[in-house]
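Report on the structure given below.
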Amino acid sequence: MLKVACVIIIFYAFLYHSEALPSDLCRIRPKDKHCLIEYMARNRWSHQIRVFKRFREVNPDLIPKRMTENQAHTIAVPVEEIEKLPELKENPFKRRICQVFSHDGSGNLTFEDFLDMMSVFSEAAPRDIKAWYAFRIYDLDDDMYIGREDLLEATRLLTKGELHAQEREEIVASVLDEADVDGDGRLSFMDFEHVVVRAPDFLSTFHIRV
Amino acid sequence: MDDEIEVDPRPLSSRRSFTLRNSAARQVAVNFMPSRQIPYNTLRLRRNNTENNALLTDVAEAADEADNADVQANIIVREMEQHHQLMEDTPDAEELRREALRELPQGLTMKRNVRAKLSASVSLRSKRKPISLWKRFKYRMSFGWKRTKDRMRDLVFSIELWYEAIRNIEGHFGSAVGSYFYLVRWLFTMNLLLSGMVILFVVVPQVLHDKPDKTVNFGFWDFISGQGWLEDSLLFYAHYHDGAVVTAGLSYYMPFAYFFTMVCLYLTCFAVLCYRTAYSYRRNFIETGGGVTLIFANKVFCGWDFGIVSHKAAEFTSTSIYNEFKELLSEQNRNKVSMPVCVRICQYMTNIVATGLVLALVVAVNWGLWHMLEAETAWAGWELAVSALLTLVVTLCPLVFYGVVKLEYYTRRTAVYVTLARTWLLDMGALMLLLVYWSRSNTDCWETRFGQEAYRLVLLDAVVSLLVLPAIEFIRALIYKLNPDSSAPEFNIAYNSLTLIYNQGVLWFGLLFSPLLVVAVTIKFFILFYVKRECALRACQPARKVWRAAQTQTVLYVLVTLSLFATLFGLGSLFFRSSSKVCGPFRGYETVYSVLSEGALRLSEHPAAATILAFFGRPGPLAFILLFLCVSVYYMRARALAHSSMVVILRHMLVLQAKDKDFLLNAIAKVSNGEWSYSPKAAEGPDSHTWKYIRDVRKPSNSGFHFDASRLSHSFGDRPRSRVKEYRPYSHLTERSKSNDGDTDSSFSWQGSSSRLAQTEDDKRWP
């Protein structure tokens, strides 16, 4: 409800964002709690502040209220705690998502990793970046190909283990039949991108709102 | 190496039977191919850490993590340096660099490193040419404009009205229901802006002009029907002054203000809506689809809505995905019996008959409405009764149409679109009818009557959608709780969106005649958001079937735009005819259009301009323009069709190229072992292609030549099967000779040799 009042006020407070941002590498604004890199997704300060609040909610003891630049890429929250976040809790691919975005592949995320993750999943991320990260997430064994085992595991996770093995095999065979263009029995990034960029719902499903 | 291939009846697994060594070798070979070195015109880097490391194993073997990242950053920087337009020291190049970095699929730390190195490299290279004054000015303008755009976008994003609420709903119900609330929010914002403009330019001057000595004799009946005291209030057209408003020495001419404000608002809204619709259409229809629809792949990769937060919604989603998979599998396994022609004709006929019935229903409703309006009795509540009946019809007809469409033979999504279109037709038909009736009736001040009608419609619809429908939802939820076997109440997105479109349509029609109506509708949408949110969260269950929201959004935008277009058409034709002489701000003018022609432009003083404008108003030029538009639409459509058939052809080519690549890589692998030979078939004569080739090109002195008479066509059985096997998904698209050994040319074949010497060499060469 407060936001309605803000709607009126902000129209008259147009100069709020009037300072020009220099092209420094790292600019510390007094009201922000961490170092923000200027190129980030169209300067969405409000988005980044929300992300930081979310990150801090995971473990308030571990993460200080004001984070310095160094802390942004050293303090890592363990993967079990990240998975308890409401946005990830129900996601069948949560472990793989954490692994993809973590700096060392283990799943423990620093703030920068978390910010990366939320930017990729936000609305502003371009379709190609989303396709790339979706490819890495579905590639469960991390061999740069979505192979048969990856697809079997993905269908199992999606249906929470309901389908029989035979049905899963059929599904995987159909997927490979449809999507595998170069016919090597697995999906390379080109194949995957070809499928996903043309799906009407990819952008709306591959989207986490923070 | 080839001897390790297993001949397996299941073709998919045979591809996995290459040794890891071979696949690594292949991978390195593939990485050096030109198609993997994607040029940086597109500013993309698709390789990731693992691939780079494969190339740099000997360099980065003993390095620790920091060095490894540094080396990768160096690689990226080196590749970006090859593009000159990126490395200049101008603001344009800086923007390009920033874009390139944004699109880089790397982590933040890597991007920061690359950024630092790039800056260092650029400053080293910059030649420090003095920029001329003009160029500096141009840069500053373009830079300033870009900054302003970014700031505006950031402003808009930072407002984010109802952000938490929509996020909560999306978490529980998925992004489809979220898209409905986005539509509510978008329409609310647009109406808020409209009301701000109207109040500022039209209402405030009138308020200043009014004498504050009117007695307030305000009854409940007046409030509902818009008559009585409200009739001569700010709410309706009649109240507005038709001369100049003079306050504190400033003169403000009301007719101009009213006319131009309304026209500008309508046209701006139309432009914004067209842009929004086109953008949505492009994103959801053109950039996607356009070729083969991949059902299973889409289901697996885009099936899970990542925004789901609640456990119940997750359960529902996985159940629905399970059901959809089963459905797809059973459809696939069923023999595709193509339906006989007569059955299909029957289905078409049914569809046509049903459409005819629906159209007849729409016409009947309009006819009934007309007669009701004509049979105007002296009863005071007559007009209210008409409005109430119309609201009832508009509320119930979608349900009737749902029932009708179930009897027809459409796919589920087409059924939804068809229902939406029919309901829209009904709504617009009724509103147009009202406009025509009131403008043709010879009552004085018909504009106010029409404005009152619009006001009553909005009010009654508010009663229905804010009170009656939520009550029904809660009752259904109660019934479901008491009796879990009955159908669970779900949030009906299509029906609710129709309410929005209807309200917006009424607003478009009524805005001209009742300026404050837009404020009423804004308030209504505000309340509607909260009511629907409570309804959804407390009474509804997540949907059982997945609803594809993106394309339906486009259809909804199209309908809103079409409503505005119909309004503009209707009101525009009214403008040219006449204006009310008795009331309203256009009393002094012959037609409303003459406000523009006489008042503003004073065309009677410029007969030349008047004749030119009159010429364009005649049917001839208009027909010509219409014809031109039709031709250009046809041209665009033909081009689009040509593009899509091109896509199909290119896809075939892609498949063939992949097969070629396969074959050649195989050949490379074998040739590098020194194991290849030509063995012409016994049946060929000395003039055959193979023999000529061997004689002229592969001279016998060549070390690889090896003629082995024993390896002729009868030894097919133990010839190793190449990877270009029979099981090909698109094999029906290409003609292939069904030769058993997979050769494309029957005259020579690749032979593998199992010499140990060759194998150990192979070991050494490919680590």
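Heads up, the Cβ atoms here are built off N, Cα and C, so glycines get one too.
The annotation compositional bias 'Basic and acidic residues' is assigned in TrEMBL to B:716-741.
Under the heading compositional bias 'Polar residues', TrEMBL lists B:745-758.
Summarising the annotation, TrEMBL assigns domain 'TMC' to B:445-550.
As annotated by TrEMBL, region 'Disordered' applies to B:716-767.
As annotated by TrEMBL, transmembrane segment applies to B:186-208 (among others). Counting residues 6+ beyond its ends, the transmembrane segment (B:186-208) has Cβ neighbours under 8 Å at 161, 234, 239-241, 245, 247, 252, 254, 257-258, 261, 265, 269, 272, 500, 504, 507, 511, 515-516, 518-519, 521-522, 525-526, 529, 560 in the same chain.
TrEMBL lists B:256-275 (among others) with the feature transmembrane segment.
Positions annotated as transmembrane segment by TrEMBL: B:348-370 (among others).
Outside the transmembrane segment (B:382-404), and at least 6 residues removed from its termini, the chain residues within Cβ reach (under 8 Å) are 224-225, 227, 354, 357-358, 361, 365, 369, 372-373, 376, 419, 422-423, 426-427, 430, 449, 452-453, 456-457, 460-461, 464, 494-495, 498, 502. Per TrEMBL, transmembrane segment is recorded for B:382-404 (among others).
For B:416-438 (among others), the entry in TrEMBL reads transmembrane segment.
Under the heading transmembrane segment, TrEMBL lists B:458-479 (among others).
For B:516-533 (among others), the entry in TrEMBL reads transmembrane segment. If you look at the transmembrane segment (B:516-533), the same-chain residues 6 or more away from its ends with a CB under 8 A from one of its CBs are 162, 165, 169, 180-181, 184-185, 187-188, 191-192, 194-195, 198-199, 203, 234-235, 451, 454-455, 458-459, 462, 465-466, 470, 496, 500, 503-504, 506-507, 510.
Annotation source TrEMBL lists transmembrane segment at B:554-576 (among others).
Summarising the annotation, TrEMBL assigns transmembrane segment to B:612-636 (among others).
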CB contact flag for the transmembrane segment (B:554-576) and the transmembrane segment (B:348-370), at least three pairs under 8 A: no
Averaged pLDDT score, the domain 'TMC' (B:445-550): 88
Long-range environment of the transmembrane segment (B:416-438) - Cβ separation under 8 angstroms, sequence gap at least 6: 358-359, 361-362, 365-366, 369-370, 373, 390, 393-394, 397-398, 401-402, 405, 408, 410, 446-447, 449-450, 453, 494, 497-498, 501-502, 505-506, 509, 552, 555-556, 559, 562-563, 566, 570, 574
